[in-house]
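The region 'Disordered' annotation in Swiss-Prot covers 1-31, 212-231. The feature phosphoserine is assigned by Swiss-Prot to S10, S439, S450, S496, S559, S587, S672, S826, S940. Sequence annotations record features per position, and here Swiss-Prot assigns transmembrane segment to 86-106, 130-150, 287-306, 319-336, 770-789, 800-820, 841-863, 916-935, 949-967, 983-1003 based on sequence analysis. Per Swiss-Prot, the feature compositional bias 'Polar residues' maps to 212-227. According to Swiss-Prot, the feature active site, 4-aspartylphosphate intermediate maps to D374.
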Amino acid sequence: MGRGAGREYSPAATTAENGGGKKKQKEKELDELKKEVAMDDHKLSLDELGRKYQVDLSKGLTNQRAQDILARDGPNALTPPPTTPEWVKFCRQLFGGFSILLWIGAILCFLAFGIQAAMEDEPSNDNLYLGVVLAAVVIVTGCFSYYQEAKSSKIMDSFKNMVPQQALVVREGEKMQINAEEVVVGDLVEVKGGDRVPADLRIISSHGCKVDNSSLTGESEPQTRSPEFTHENPLETRNICFFSTNCVEGTARGIVIATGDRTVMGRIATLASGLEVGRTPIAMEIEHFIQLITGVAVFLGVSFFVLSLILGYSWLEAVIFLIGIIVANVPEGLLATVTVCLTLTAKRMARKNCLVKNLEAVETLGSTSTICSDKTGTLTQNRMTVAHMWFDNQIHEADTTEDQSGATFDKRSPTWTALSRIAGLCNRAVFKAGQENISVSKRDTAGDASESALLKCIELSCGSVRKMRDRNPKVAEIPFNSTNKYQLSIHEREDSPQSHVLVMKGAPERILDRCSSILVQGKEIPLDKEMQDAFQNAYLELGGLGERVLGFCQLNLPSAKFPRGFKFDTDELNFPTEKLCFVGLMSMIDPPRAAVPDAVGKCRSAGIKVIMVTGDHPITAKAIAKGVGIISEGNETVEDIAARLNIPVSQVNPREAKACVVHGSDLKDMTSEQLDEILKNHTEIVFARTSPQQKLIIVEGCQRQGAIVAVTGDGVNDSPALKKADIGIAMGIAGSDVSKQAADMILLDDNFASIVTGVEEGRLIFDNLKKSIAYTLTSNIPEITPFLLFIIANIPLPLGTVTILCIDLGTDMVPAISLAYEAAESDIMKRQPRNPQTDKLVNERLISMAYGQIGMIQALGGFFTYFVILAENGFLPSRLLGIRLDWDDRSMNDLEDSYGQEWTYEQRKVVEFTCHTAFFASIVVVQWADLIICKTRRNSVFQQGMKNKILIFGLLEETALAAFLSYCPGMGVALRMYPLKVTWWFCAFPYSLLIFIYDEVRKLILRRYPGGWVEKETYY
């Protein structure tokens, strides 16, 4: 990854070879990035390192040389991912998906108006109005959804940290603070506890340095860093520090071996931004829906075009009819309805701590069938907590809950007093200042995670650790190092004025080796074989729980030999460190969050497979997986079965094990077929010790199985997987910027349980969108049939274009949106995730219900009203057939009705427009029933109840609007709507009732005979 690595990725070299095959090149680069990190700097000796980078290991680079390298390599910063320009985003909203249908409609309208204007003397302006309205609808809705997304991305931008990072470099022998962006390859850099590592470093000297690699590898434990080469894999060796990880304690010096995009972190970020993102399921649904609607529209249009030519219309009139029918089929209000429904759900999710970045992701979460979750910080609290102690030869359980409501143990034993004193004194962690009023478990600490856990545990059970330290002042200490694996300090004893106590903690087996006695019930007894076995059992048991175990021992130094003021020498040890007294063990774990087990259970009953993918140890990963229920009670892995039957693992049939823990190093050597085999045959899977590249491979594996995959994660290492998944979920509090950019949704409270709420909302909106669409499409039939009869039977036009718009954009809007607030019919979280291949948003059954059944009854209601009004005015239905040409003839002012009365053109038109208004009112009346039956797809409306207040408001609103349009003075001029006799409103009532009864009977049959032909034909 050093100087030579820059050339591996030079795109220029590859493009020349494939003759500009951009796509191939991109795939090649992605495969490059998917490979594990390749570098050899960690294997070089210090002299070789100095030669390779032409740098003096004590004085650093010269200023001039640093300038040259900076000019050559560019600044040490990650290239920001290519963002979509705002105007492109806006155009996507304006011309994407559903809007295209409306645009085509608008263009056809202008076309028809153009034809009419050219051919007729006094063309009607209907088509012009219609075109303008359609265009306006698209533009307004487009602006609305653009505004919604812009709002989410505003919140996103506020996450970015604006503080420029500083780095401490040595150049020409002088230490200097520079901006981290100016660090170059070969620079000599110093880091200390609390710093962010400014670039990839090869360590050349260190003092107790530990780094937190969790954002890169997912290990929650701080890792020691020292100059020794300890591992072939650069990610595991101790002598490399990675860009943007944090140094937790100690100090180190290192040589920069890679900067910016060439760092390990940079490669992962590049990998994430280079991934092709698939379309969201809802986008595909809407596309499928548009194809269906367009199919119906074109079929109707063309068949009536041919029919009108046969009936002897001129081809021009036939074209106008064709356009009219296609436009009448376009549900103008639906685009707005879908957008508003998704927005409402997004807002509801934001209140429940899920921030959705793009509206379409709302539904994706509902169709999720696999969740790949990160462990650290998502399933767990991301803070080490003391879980168990072993003293007086028994294991005691500590309280690991978030709100301190869990187990307590007997604190009266003198051994516990001794153990808590060692844990408090032999400990360098401290609480940061000014947090007195915050609960202990929530306080920030300075120091190593394990020590902080001990500090909090002792503070909670024994009171102030600071006072304990003040009463027992420290006189000497040896900090923890990796060779002797212990930490030791000597304190003046508060309980005897002359003497000192030596306290020590460290790796349990190392501590036990230094002890000759053990403290039981406050008395020292010799450490015999029996006690050693007891220790061994306790150590194995706690280790097997995936916990990190520390041993504690002490020695009361005799005051005769070591009086107060004695100079302890920690280099030439002038005090005993053997024959100590063993006191006990304490073990720590990063405990699961309180709400997670419940959430995992809900996922399981919802048919969602939860897979844990973590960089942590297999044992810890398995322990947490069992703790949160990802591996459920009684399910065994191959290893468990082998241990139970006492046979080697190779003899167990892997198919017998439901659960499975896969190690990253095994995953590395697997073919995709083997991975598919694992994903297929095991229901409960944990991947441990995985690298970021492997996360990506796992996600792709799940997608090959046809799953819709959600991935949660917070580290930079999760970003490629977040981007590749169908929906990426990042953590709002602990998440890194890179992961938030790659994600589609952000959990503001970092809680896995919020995902379950998201799934529920996503499933609900899918159901409710179906209902909304069914409701909206139904009124299409009573809008189209008048036009068809006008062509075939030559009757006066029963319903005008303007009135159609009043229905689609006026009365139908609020009721359609109100269905988004409808409560779930059954327990949504008990059914399997929908299959995107078979379970579509709009299917043939929905179309047949809306168009073929309910829509037809509605049309009958409208025509009934139309014929009643004309008959009351003297035109009986028999007289109307074939009257159209005379009726629309301006020069004909003496048209006779069935009773011989003569009608002028103006009088006829008033009656015609009154009919339009009445037809419109009838549609409103039958849409009442349609709205109520659309509340449920299977249950009876009486089971569901009328709890949806918005829906009741919608019913009242559409009625009030219809009445207003009919009776408001001046409407006759503006929209050609005329006042109606009260009785005419009631003509459609029987049809409304018929719709309600028809559908209730249908749903009754559905419930009585599940899977019968009624369900096959009508259950949408």
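For all residues, glycine too, the Cβ spot is worked out from N, Cα and C.
The structure, with features from Swiss-Prot marked on it.
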residue : record        : contacts (Cβ under 8 Å, 6+ apart)
S450    : phosphoserine : E221, M384, R548, L550, M588
S496    : phosphoserine : S559
S587    : phosphoserine : V386, A387, H388, M389, W390, L542, G543, L545, E547, R548, V549, L550
S672    : phosphoserine : I697, G701, R704
S826    : phosphoserine : R938, N939
S940    : phosphoserine : E1000, K1003, L1004, R1007
DSSP three-state assignment (helix, strand or coil) for S450 (phosphoserine): helix
Outside the transmembrane segment (949-967), six or more residues from its ends: residues with CB under 8 Å to it: 806, 810-812, 814-815, 817-819, 821-822, 917, 920-921, 924, 927-928, 931, 935, 975, 977-980
Recorded stretches the transmembrane segment (287-306) and the transmembrane segment (800-820) touching, at least 3 CB pairs under 8 Å: no
Contact between the transmembrane segment (841-863) and the transmembrane segment (130-150) (at least 3 Cβ pairs under 8 Å, separation 6+): no
Whole-number Å value for how far D374 (active site, 4-aspartylphosphate intermediate) lies from S439 (phosphoserine) (Cα to Cα): 27
Least buried by Cβ count (within 10 Å) of the recorded positions D374, S439, S559: S439
The transmembrane segment (130-150) versus listed stretches 319-336, 770-789, 800-820: most Cβ pairs under 8 Å: 319-336
Interface check, the transmembrane segment (800-820) with the transmembrane segment (983-1003), three or more C-beta pairs under 8 A: no
Structural state of S672 (phosphoserine), classified by DSSP into three states: helix
Residues of the compositional bias 'Polar residues' (212-227) by DSSP state, where helix covers H, G and I: 4 helix, 4 strand, 8 coil
Where S587 (phosphoserine) sits in the secondary structure, as DSSP reduces it to three classes: strand
